[in-house]
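K.L.:
Residues or ranges marked as domain 'Radical SAM core' in Swiss-Prot: 47-279. Annotation comment: Swiss-Prot describes Tyr56, Gly113, Glu147, Ile331 as S-adenosyl-L-methionine 1 binding site. The [4Fe-4S] cluster binding site annotation in Swiss-Prot covers Cys62, Cys66, Cys69 and is backed by similarity to another entry. For Phe68, Gly114, Thr115, Gln174, Arg186, Asp211, Ala245, the entry in Swiss-Prot reads S-adenosyl-L-methionine 2 binding site.
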Amino acid sequence: MQTIDFEKFSQYSKPGPRYTSYPTAVEFKENFNEESLKTAFFNHDNLKNPMPLSLYTHLPFCRSACYFCACSVIYTSLEEKKVRYISYLKKELALLKNAMDTNREVAQFHYGGGTPTFFSPPQLDEITQSIQEVFPNFSQDIEMSCEIDPRHFTKEHMQTLFDRGFNRLSFGVQDFDLEVQKAIHRIQPFEMVQESVKLARDYGIKSINFDLIYGLPNQTKEGFLKTLEWVLKLDPDRLAVFNYAHVPWVKKTMRKIDETLLPSPRDKLEILESLISFLEKANYQMIGMDHFAKSDNELYLALQKAELRRNFQGYTTKKFTQTIGIGVTSIGEGSDYYTQNYKDLHYYEKALDLGHLPVERGVALSQEDVLRKEVIMQMMSNLKLDYSKIEEKFSIDFKAHFKKELEKLKPYEEAGLLSFNSKGFEMTRTGGMLVRNMAMEFDAYLRGGEKHFSKTL
């Protein structure tokens, strides 16, 4: 990787989407309602070759706040809230069964949060069974994954997940430095994480991911490299290394972070450059803009074939799935729509009590949206673009259709961050760090409203 010129590189740091969707969530509107979703379900059920399903269930509860967290979370220690939530999940599942063909193949299954393991093992088992009763056709090679908070993870949890077929776990690690953990209100010693990982390995979990974050308060380059040394001792299969997005105007808990302790933009770039170098020397290859995988991992092998896909859960080797969002605030996705459930638990419950799917908002994609989504997701996933694949799928002349956008990429070429070739273009190793910036050139919705987003660097 070329050495970063920090003065020149800093010019690229500006607010921009992470492109877990296109159009992005700020474009979701309330005129996409329950009837819109039912129509989308009908259309997808009646495709000549219906896509496999990906089930995402949001389990929103946490006992206490982690100050860095941007997830949709409800803080509670009340058992009755969890019991009540399970009853409403069952109501939603019953409505989904009537609204779509739930006998279609399920290729992916994911629990996110919140803290999924804040639910007791019997409760997790009850939730999983309820979902499997409605969506019974699990594929033989299904990916079943769960987010794990090591502070709330027991052998009984692991046994339940194992019995239900879970084969992937993602551990929230963030940073092993105690001073960083204190500043973000999340204390979890290395030994605690080590014990949780050993438990997962003992049960034969085939894929273990760690979530790490750089840009947190009290972080330094030296300190984060020490965290990475500890990470290597635990030998995860994959790493997601996120750039901390400090958006206190969006997430109130972030206001508890002392901003004077946050690394400067230059310091963050130094951390990023050093972590990429460190991990690549340790045989972890960079995937997209924020993931790493061992060179024999399926993610890296898919990247080599330009077959990676990106969705709200991150990067995947599954080519095309229809995501069904279950639970408060969860997001669903089809080939030409996005939908989101109510973010407020009260309104989520009220809709279900009235017998309605709890749709708060969404967006139906135009043909141009679908085209641009494909371009942006290819860029975000594979850090390159083959024009012919887009031309064949959408019957367009790529260079003519995106003449203005390609002109906007030329400064990146001149800076040595991107190269054009006979097939299309490809980002350099350093240019891949700016994939969000380059993808923004193809975003038809950006019109000075970038204040909604975190900075790209």
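Glycine is no exception: its Cβ is also placed from the backbone N, Cα and C atoms.
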K.L.:
How long is the line from the C-alpha of Gly114 (S-adenosyl-L-methionine 2 binding site) to the C-alpha of Ile331 (S-adenosyl-L-methionine 1 binding site), rounded to the nearest angstrom?
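P.N.:
The Cα atom of Gly114 (S-adenosyl-L-methionine 2 binding site) is 15 Å away from the Cα atom of Ile331 (S-adenosyl-L-methionine 1 binding site).
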K.L.:
Measuring Cα to Cα, how far is Thr115 (S-adenosyl-L-methionine 2 binding site) from Ile331 (S-adenosyl-L-methionine 1 binding site) in Å?
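P.N.:
Counting only the Cα atoms, the answer is 17 Å.
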K.L.:
Would you list the other residues of this chain near [4Fe-4S] cluster - those whose C-beta lies within 8 angstroms of the C-beta centroid of Cys62, Cys66, Cys69 - in sequence order?
P.N.:
Ser64, Ala65, Tyr67, Phe68, Cys71, Val73, Thr115, Arg186, Thr253
K.L.:
Given the binding-site residues Tyr56, Phe68, which one's Cβ is surrounded by the fewest other Cβ atoms within 10 Å?
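P.N.:
Comparing Cβ neighbour counts within 10 Å for the binding-site residues Tyr56, Phe68 gives Tyr56.
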K.L.:
Roughly where does the domain 'Radical SAM core' (47-279) sit in mean pLDDT, to the nearest integer?
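P.N.:
So the average pLDDT across the domain 'Radical SAM core' (47-279) works out to 96.
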K.L.:
What's the CA-CA gap between Glu147 (S-adenosyl-L-methionine 1 binding site) and Ala245 (S-adenosyl-L-methionine 2 binding site) in angstrom, rounded?
P.N.:
20
K.L.:
Neighbourhood of the S-adenosyl-L-methionine 1 site (Tyr56, Gly113, Glu147, Ile331): other residues with Cβ within 8 Å of the Cβ centroid, in order?
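P.N.:
Counting only non-site residues, the set is Thr57, His58, Leu59, Cys71, His110, Tyr111, Gly112, Gly114, Phe312, Gln313, Gly327, Ser330.
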K.L.:
If you measure from the Cα of Arg186 (S-adenosyl-L-methionine 2 binding site), which of the binding-site residues Cys62, Cys66, Cys69, Ile331 is the nearest?
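P.N.:
So, spelling it out, the nearest of the binding-site residues is Cys66.
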K.L.:
Who sits close to Gln174 (S-adenosyl-L-methionine 2 binding site): which same-chain residues at least 6 apart have their Cβ under 8 Å from its Cβ?
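P.N.:
Gln174 (S-adenosyl-L-methionine 2 binding site) has long-range Cβ partners Phe68, Val180, Gln181, Ile184, Arg186, Asp211, Leu212, Ile213, Leu216.
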K.L.:
Of Tyr56, Gly113, Ile331, which is closest to Cys69 ([4Fe-4S] cluster binding site) if I measure between C-alpha atoms? They're all binding-site residues.
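P.N.:
Of all the candidates listed, Gly113 is nearest in space.
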K.L.:
Report, as a single number, how many Cβ atoms besides its own are within 10 Å of the Cβ of Glu147 (S-adenosyl-L-methionine 1 binding site).
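P.N.:
Result for Glu147 (S-adenosyl-L-methionine 1 binding site): 21 neighbouring Cβ atoms inside 10 Å.
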K.L.:
In DSSP terms, helix, strand or coil for Phe68 (S-adenosyl-L-methionine 2 binding site)?
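P.N.:
Coil, per DSSP.
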K.L.:
Measure from the Cβ of Cys62 ([4Fe-4S] cluster binding site) and count the other Cβ atoms within 10 Å, all protein chains considered.
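P.N.:
Summing over all protein chains shown, Cys62 ([4Fe-4S] cluster binding site) has 20 other Cβ atoms within 10 Å.
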